[in-house]
Amino acid sequence: MEYKDTLLMPKTDFPMRGNLPNKEPEWQAKWEEEKLYEKIQEKNAGRPTYILHDGPPYANGELHMGHALNKTIKDIIVRYKSMAGFSSPYVPGWDTHGLPIETAIAKKGVKRKEMSIAEFRKLCAEYAMTQVDGQRTGFKRLGINGDWENPYITLLPEYEAEQIKVFGEMAKKGYIYKGKKPVYWSPSSESALAEAEIEYQDKTSASIFVAFKVTDGKGVLDEGTNIVIWTTTPWTIPANMGITVNPDLDYVVIESAGEKYVVAEALLPSLREKLGFEDATVVKTVRGSELDRVVTKHPFYDRDSLVMNGEHATAEAGTGAVHTAPGHGEDDFLIGKKYDLEVLAPLDDRGVFTEEAPGFEGVFYDTANKMVTEKLEEVGALLKMEFITHSYPHDWRTKKPVIFRATAQWFASIDAFRDDLLAAVKGVNWTPAWGETRLFNMVRDRGDWVISRQRAWGVPLPIFYAENGEAIITDETINHISELFREHGSNVWFERDVKDLLPAGFTHPGSPNGEFTKETDIMDVWFDSGSSHQAVLNARPELSRPADLYMEGSDQYRGWFNSSLTTAVAITGEAPYRNVLSHGFALDGEGRKMSKSLGNTLLPGKVIKQLGADIVRLWVASVDYQADVRVSDEILKQVSEVYRKIRNTMRFLLGNINDFHPTTNAVSYENLREVDKYMMIKLNDLVKNVKDSYEAFEFSAIYHQINNFCTVELSQFYMDFAKDVVYIEAADSHDRRAMQTVFYEAVVTLTKLLAPILPHTTEEVWNSLIGEGVESIHLQDLPEVKVLADSEEITAKWDAFMQIRDNVQKALEFARNEKLIGKSMLAKVTLYVDGEAKTLFDSLEGDFAQLFIVSDFELVEGLENAPESAFKSNQVAVQITVAEGETCERCRVVKKDVGVNPKHPTLCGRCADIVVKHYEA
């Protein structure tokens, strides 16, 4: 007889290697074929809903790790909710209008000016849809489960129709107006930009101090006195209309080299050295309020510059006197309006000076900086020039600097409902908590929202103009345009004449001849995505507004979170979301931003081809995503190692229950041994902790909880000593079936708990566990937390035992290093105990030699009896010696009773009994 044939060795079809790049697409094809997404919705029909609303990624370019991070977090949440008693449909979306697509089309050699706007827009739409298709394939390969056949796309007619309604509703409430005021203007995009489209980068600029000569001192200043201003935008001097001083600051008139100058008193010490005023004497001190309406002369144009009082002039930097160009700054515009100054912005859309700036016509504004400073020097007005590096606004698409430029634009008034917006922010649950403060301050401090764009690819502003110039936005026109867009798409605006866009028989008192024109500007793309609560949540029967969760990157506080809040509060009076969760950015292994120029980009598509989607997903679960996260080949290697541990744990569990049938072989909890109960309690604790972590969106906690359970509780303890039972004992022995019961519960529980994170691997485990033709793991519910008898008492006892076991393991390790023993199975452990430890061992049930994975064990009372050579800790002393007896050929345990059965001279008594009873014919 071959004794190895009497061992019950593990058997499973679950392979050690995942081969994920090849296996995952097979599972995905199966899910698609079986309509798994639809089945999940059917299973959960009638349950409470949990709606995570997808913030639409921009349909341009290859997916990056930020996309993978974002979509995987969403997918984990939706999968969790779908297994936790909720109906949680997921409708993915795309943002498809805007400049990057126009630019991409231009790069293909398309000449926009050589075709009609409608033709150009068709090319943009085609390009956007190919990008959507490419990204959709990438997201599906990542294992994202959703309604991929019916996503929402901002260029679709039904979406645009609802967006028009949002605009119409805001206009009806008086929130939409046209005005000329300074807005962020991007010469590189030739369009106005909203605050959300601005990013700050360092820029080197000329910093200049300029003298304006007083022509009318109003009895406070002598004629010819110089008021000194400071600016870092010399190109705005041609548009200067005034100087602002703070009414509550003290200003000094100083005399230096026969000239008088005015600066803020608080800044004089720093200016003495900077402007060469070391020897200057103070002639008089005046209050800023006394300088109100003093008149100075523009340095090189024949016009006045009026001195005004404004709070934005401070003594923090410069001179305390602020150069004011109402056409090129928000504060300047507001103070200019108060003092009735002209709003001069002598630049065209490309940032080139017009004839309104004599001497600089046809010059790009940035190039004009040098010309302006030379002109100031020529007329003797330039006191000082130096260069500084400062944070400056840039166009987030083109990465080029932007300017403030007054133009006629359409705005959404924020003041009209700012208090409602702030109240709505307070009513939302924010994770991380600082998100509330961030958005609250943003809403509190923001100006009106410029919603018009001077571009072609976007949703047209549905505005008509009468013959007298009056803008027409009525219920009748809005509803008509909305339905036209629903039927034909927004291109109809550019394809048809005005008369064919207006409702039949439309009249207006401002057009006695029945003539009308239409607006040519389009809407800000943030108005597009910001209308999704209306176009998607409100419009789709399976969804609802407000959503339970918006979850995006932390850049969306100024973007989608903000624009969605604005439009939703404007038309419904409440936020479109109950909870907002934000994540950080994906950086490289050294914490640097990924960029092609640095050569440090890691693309999810490439990682999936090499390692599999489940590795990318496990990486997402491993990081603290609420801050910026790091990813590199090395980090993914570490994650792959954890994946391997989890997979091997599953394989061991599956292999050792191949002859176990839960309906017939399971041992009830009350009939388990205490150590088995301990594992069931630990497993139950894991269920509670993991579910709590899912509920709190703390996926890295789950990663550590499950990894620790697989490594510490299972691999290093329970599965380790189990081999002496499940391989060796008779197939139906109580102890073996008890351990198999725990194994079965563990594999079922772990598979369900991991399903939202590792959908492909858990499906493979489930298939191996339950067999072919089984319902997907993703149609199961998560395990319930059970109430297990005596759990606190059992846990306390066995946790204490595990601490002592750690000491025994250390002693065995020491003995191995000292060459006292080879394998631990050759050892005998003698444990010297006192007090609590003695009481503990008296109360424990178990085969301690088996639990310590040694051949013999002896418990001795009295620490004082331990020999000097014993390994001592605070509670116990451990003596390691070589076990007496022979090694059993079958179980490899050293036993004194090897050969007790003469028919089986190489077997111990236990193994001989098993062989005789179960394997001898």
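Just so you know, the numbers here start at 1 and follow the chain as drawn.
Heads up, the Cβ atoms here are built off N, Cα and C, so glycines get one too.
Around Glu552 (L-isoleucyl-5'-AMP binding site), taking its Cβ as the centre, 22 other Cβ atoms fall within 10 Å, counting all chains. DSSP classifies Glu552 (L-isoleucyl-5'-AMP binding site) as strand under the three-state reduction. Per Swiss-Prot, L-isoleucyl-5'-AMP binding site is recorded for Glu552.
Under the three-state DSSP scheme, Lys596 (ATP binding site) falls in the coil class. Neighbour count (other Cβ atoms within 10 Å of the Cβ, all protein chains): 7 for Lys596 (ATP binding site). Here Swiss-Prot flags Lys596 as ATP binding site, drawing on sequence analysis.
According to DSSP, Cys888 (Zn(2+) binding site) sits in a coil region rather than a helix or strand. Remark: Cys888 (Zn(2+) binding site) has Val894, Lys895, Val898, Thr906, Leu907, Cys908, Cys911 as non-local neighbours, by Cβ distance under 8 Å and separation of at least 6 in sequence. Annotation comment: Swiss-Prot describes Cys888, Cys891, Cys908, Cys911 as Zn(2+) binding site.
With a cut-off of 8 Å between Cβ atoms, the residues of this chain six or more beyond the motif ''HIGH' region' (57-67) that come close are 94-96, 98, 100-101, 104, 128-129, 131-132, 134-135, 138-139, 153, 553, 585-586, 594, 601-605, 631. Sequence annotations record features per position, and here Swiss-Prot assigns motif ''HIGH' region' to 57-67.
According to Swiss-Prot, the feature motif ''KMSKS' region' maps to 593-597. Panel annotation: around the motif ''KMSKS' region' (593-597), residues 64-65, 585-587 of the same chain, lying at least six beyond its termini, place a Cβ under 8 Å from a Cβ of the stretch.
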> Among Cys891, Cys908, all listed as binding-site residues, which has the most CB atoms within 10 Å of its CB?
Replying inline: Cys908
> Within 8 Å of the centroid of the Cβ atoms of Cys888, Cys891, Cys908, Cys911, which other residues of that chain place their own Cβ, given that this set defines the recorded Zn(2+) site?
Replying inline: Ile728, Glu889, Arg890, Arg892, Val893, Lys895, Val898, Leu907, Gly909, Arg910, Ala912
>> Rounded to a whole angstrom, what is the C-alpha distance between Glu552 (L-isoleucyl-5'-AMP binding site) and Lys596 (ATP binding site)?
In response: 24
> To the nearest whole angstrom, what is the C-alpha distance linking Cys891 (Zn(2+) binding site) and Lys596 (ATP binding site)?
Replying inline: 59
>> Can you tell me how many other Cβ atoms are located within 10 Å of the Cβ belonging to Cys911 (Zn(2+) binding site)?
In response: 26
> Which residue counts does DSSP give the motif ''HIGH' region' (57-67) for helix, strand and coil?
Replying inline: 3 helix, 1 strand, 7 coil
